[in-house]
Amino acid sequence: MRIVVLVSGSGSNLQAIIDAVTAGPLPVEIAAVGSDVPGCKGLQRAEGAGITTFAVPLQKCASPEERSEWNRQLCAAVQEHAPDLLVTSGFMRILSEEFLTSLGVPIINTHPALLPSFPGAHGVRDALRHGVKVTGCTVHQVDAGVDTGPIIAQAAVEITEDDTEDSLHERIKVQERRLLLETLERLAAGRLQLS
Ligand SMILES: Nc1nc2c(c(=O)[nH]1)N[C@@H](CN(C=O)c1ccc(C(=O)N[C@@H](CCC(=O)O)C(=O)O)cc1)CN2
Ligand SMILES: NCC(=O)N[C@@H]1O[C@H](COP(=O)([O-])[O-])[C@@H](O)[C@H]1O
């Protein structure tokens, strides 16, 4: 199964995919890694593994027209690598409906909260601030909404009294990587079908 991965930052979840592909148990080809943030660590991790990378930058204060053009350019950049699946993990931009329909292949995303709770860009912080005792992570299919796509897998993570956002996020990421690799294995083996 041929995938493209989109990241915006550190790419530690991407690294887990790279490591699993390199070690051999995961029958997946990472055709390319892309980002909206040129030079981000996730792109550096991919380059270090000899994987093709691309960047399509988006200004923070982009106008709706600039954002539409960015979606078109990003879609074209992904399609150049002819993936069977697009994976977003730590990709911090909302993809437009036009992107989804033009791309024509399924997209899965990892989110660091138990959706539908705490959607959006700051799921870990929001769970901490809300005072819940249990949060977790979700792998879901991406639709035109924000974190509203069909849920594929979830894992719970308890919040401790001395947790910081970083300490909690690192524990969540351990479960995210497990769910992400399990999902990719299921898709590659034909044991999971996406619409
Ligand atoms: N159409 C969709 N695109 C994306 C989804 C999705 O569910 N539908 N998931 C995101 C990843 N994500 C949560 O898992 C997420 C990332 C970012 C945001 C967001 O509000 N981004 C803002 C900018 C935030 C910032 O710069 O700090 C934005 O795009 O303007 C929400 C959810 C991947 N794409
Ligand atoms: N809403 C999107 C979101 O918060 N995504 C989260 O960003 C982190 C990226 O970590 P990484 O860059 O080290 O893989 C991951 O925990 C991912 O779920």
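Backbone N, Cα and C atoms are what each Cβ position is placed from, and that goes for glycine too.
Residue environment of His111 (active site, proton donor) contains 25 other Cβ atoms, counted within 10 Å of its Cβ in all protein chains. In the three-state DSSP assignment, the secondary structure recorded for His111 (active site, proton donor) is strand. TrEMBL lists His111 with the feature active site, proton donor.
What TrEMBL lists as N(1)-(5-phospho-beta-D-ribosyl)glycinamide binding site is Gly11, Ser12, Asn13. If you take the C-beta of Gly11 (N(1)-(5-phospho-beta-D-ribosyl)glycinamide binding site) and look for same-chain residues 6 or more apart in sequence within under 8 angstroms, you find Val33, Cys40, Lys41, Gly42, Leu43, Gln44, Arg45, Ala46, Ser89, Gly90.
DSSP classifies Leu95 ((6R)-10-formyltetrahydrofolate binding site) as coil under the three-state reduction. For Leu95 ((6R)-10-formyltetrahydrofolate binding site), the same-chain residues lying six or more positions away in sequence with a CB closer than 8 A to its CB are Asn71, Leu74, Thr88, Ile107, Val142. Per TrEMBL, (6R)-10-formyltetrahydrofolate binding site is recorded for Arg67, Met92, Arg93, Ile94, Leu95, Asn109.
The domain 'Formyl transferase N-terminal' annotation in TrEMBL covers 1-183. Averaged across the domain 'Formyl transferase N-terminal' (1-183), pLDDT for the predicted model comes to 97.
TrEMBL lists Asp147 with the feature site 'Raises pKa of active site His'. Following the DSSP three-state reduction, the secondary structure of Asp147 (site 'Raises pKa of active site His') is coil. Using a 10 Å Cβ-Cβ cutoff, Asp147 (site 'Raises pKa of active site His') registers 21 neighbours.
Under 6 Å, Cβ to nearest atom of ligand 2: this is the test, and of the recorded positions Arg67, Ile94, Asp147 it is passed by none. Mapped onto three states, the DSSP output places Gly11 (N(1)-(5-phospho-beta-D-ribosyl)glycinamide binding site) in coil. Taking CA atoms as the reference points, Arg93 ((6R)-10-formyltetrahydrofolate binding site) and His111 (active site, proton donor) are 13 Å apart. Neighbour counts of Cβ atoms within 10 Å were taken for the binding-site residues Ser12, Asn13, Asn109; the minimum is at Ser12.
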